[in-house]
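According to TrEMBL, the features are:
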TRANSMEM  86-108  transmembrane segment
TRANSMEM  114-136  transmembrane segment
TRANSMEM  148-181  transmembrane segment
TRANSMEM  223-245  transmembrane segment
TRANSMEM  257-277  transmembrane segment
TRANSMEM  297-318  transmembrane segment
TRANSMEM  330-352  transmembrane segment
TRANSMEM  372-396  transmembrane segment
TRANSMEM  403-420  transmembrane segment
TRANSMEM  426-443  transmembrane segment
Amino acid sequence: MDTIKETKPEISFKEAILFWLKLGFISFGGPAGQISLMHQELVEQKKWISEKRFMHALNYCMLLPGPEAQQLAIYMGWLMHKTKGGVIAGLFFILPSLFILIGLSWVYAQFGNIPIIAGLFYGIKPAVTAVVFHATYRIAHKSLKNNYMYSIACIAFILIFAFKVPFPWIVLLAAISGYVLSKFKAELFSDNHQSTNSKSYGQAIIDDHTPAPQHAIFKVSRLIQLLVFAAVLWCLPMSILTIIYGWSHDFTQMAWFFSKAALMTFGGAYAVLPYMYQGAVNFYGWLKPTQMIDGLALGESTPGPLIMVVAFVGFMGGYNLELLGPEHTFIAGALGAMIVTWFTFLFSFVFILGGAPMIESTHNQIQFTAPLAAITAAVVGVILNLAIFFVYHVLWPKGFDGAFDYIAAIITFLACIALFKFHQSVLRVIGLAALLGIFIQLSR
């Protein structure tokens with residue numbers, strides 16, 4: 001008797017490439033906004049990935065040093081289209097931001113005091129603040145599924161906001177509490193224990209019960225091959241820089257410094273900023289303190305991970321120090337930006353392509369999913385702290401002792417209305433705020 005073979009829908013590789021490229025240009029709002037955008041596209045609209053698989057991958061990325069949104073993009077690309085999909089997703093997530101930042105860094109270095117540029121940044125920063133608040137709400141709405149999760153988020157916020165507890169300790173405490181509680185109240189982490197926040201988006205192509213594809217099965221030999229290849233990708237450019245310029249040259253030191261920084265970025269860009277400021281400004285003198293602050297504004301205002309501020313640091317280091325001579329300042333800056341970007345983001349590909357197969361084998365095992373779910377709840381509190389950090393620096397640009405910026409507050413309020421009530425796109429809100437900022441600046 002003939003059997004009828006069911007054809008399972010497949011995710012188009014070409015369509016995925018176009019999506020990752022688009023995401024690279026519209027991923028404003030830091031990690032919260034970027035993760036929210038991916039969830040909206042991959043889970044809610046395209047239905048390529050189920051909610052549970054998406055959140056399981058996100059929980060793993062939250063554990064790692066480096067930009068969790070880019071790592072999540074690598075994970076999703078890898079899960080759908082193997083290693084090539086992960087590499088393309090990860091590259092497209094940062095390349096638009098890199099080229100945009102190189103261009104904006106040059107404009108800043110050449111024309112930073114021109115009113116139209118100042119107005120552009122003035123309008124964008126309040127809008128980005130609203131984007132982060134909106135994204136925080138969206139992530140919380142989908143992740144906090146019961147009172148226990150809300151409690152974890154609140155405690156995490158208090159720890160980081162009031163007591164300045166380092167992010168890695170918050171992650172560890174959340175993981176331990178999730179593991180312990182799963183032994184006594186496993187139903188809190190089960191599929192059936194959902195609050196009204198939980199929502200079904202329909203059948204996904206890769207759903208909760210889809211078996212792990214062949215490339216997602218963990219193999220020691222495959223991990224060893226990846227680690228050897230990654231070591232070559234790190235050692236080869238480092239050796240070339242050392243041979244051409246010497247170990248003490250600023251280009252070589254940029255590669256070394258940002259390799260270390262990449263392994264310290266638990267909690268996102270803001271967690272590593274003190275280390276970056278101490279090294280790039282105080283020790284190496286690649287840029288001035290005021291330039292570092294302006295670079296952070298650029299990182300907040302452009303698509304891509306917030307940690308892409310490293311590209312600005314690399315550009316200004318090459319530009320300010322004229323590392324290729326006074327006649328080649330742009331080339332020196334661009335080379336510096338590319339060097340620090342390579343050594344900052346290389347580790348993210350290694351963490352995901354090497355670790356994701358192990359994580360995929362645990363997505364239905366509560367002893368692994370419970371700690372990760374607790375970590376996600378804690379991260380909601382941490383992201384809320386980041387949103388408040390934005391509010392402070394945007395509305396009180398000179399601290400509480402300085403004047404309150406009423407115009408920035410109005411822009412933030414209007415952006416919140418556009419996002420929460422009228423569901424406008426992030427790109428449209430950012431663009432309108434930029435135009436408003438230019439108009440205000442030119443009217444003064």
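Keep in mind that glycine also has a Cβ here, set from the backbone N, Cα and C atoms.
Remote same-chain residues near the transmembrane segment (426-443) are listed as 26, 28-29, 33, 37, 115-116, 118-124, 126-128, 130-131, 301, 407, 411, 415, 418-419 (criterion: CB distance under 8 Å, separation of at least six residues from the stretch ends). Ranked by number of Cβ pairs under 8 Å to the transmembrane segment (86-108), the listed stretches 114-136, 148-181, 297-318, 330-352, 372-396 are led by 297-318. Against the transmembrane segment (330-352), stretch 297-318 has more CB pairs under 8 A than any other of 223-245, 297-318, 372-396.
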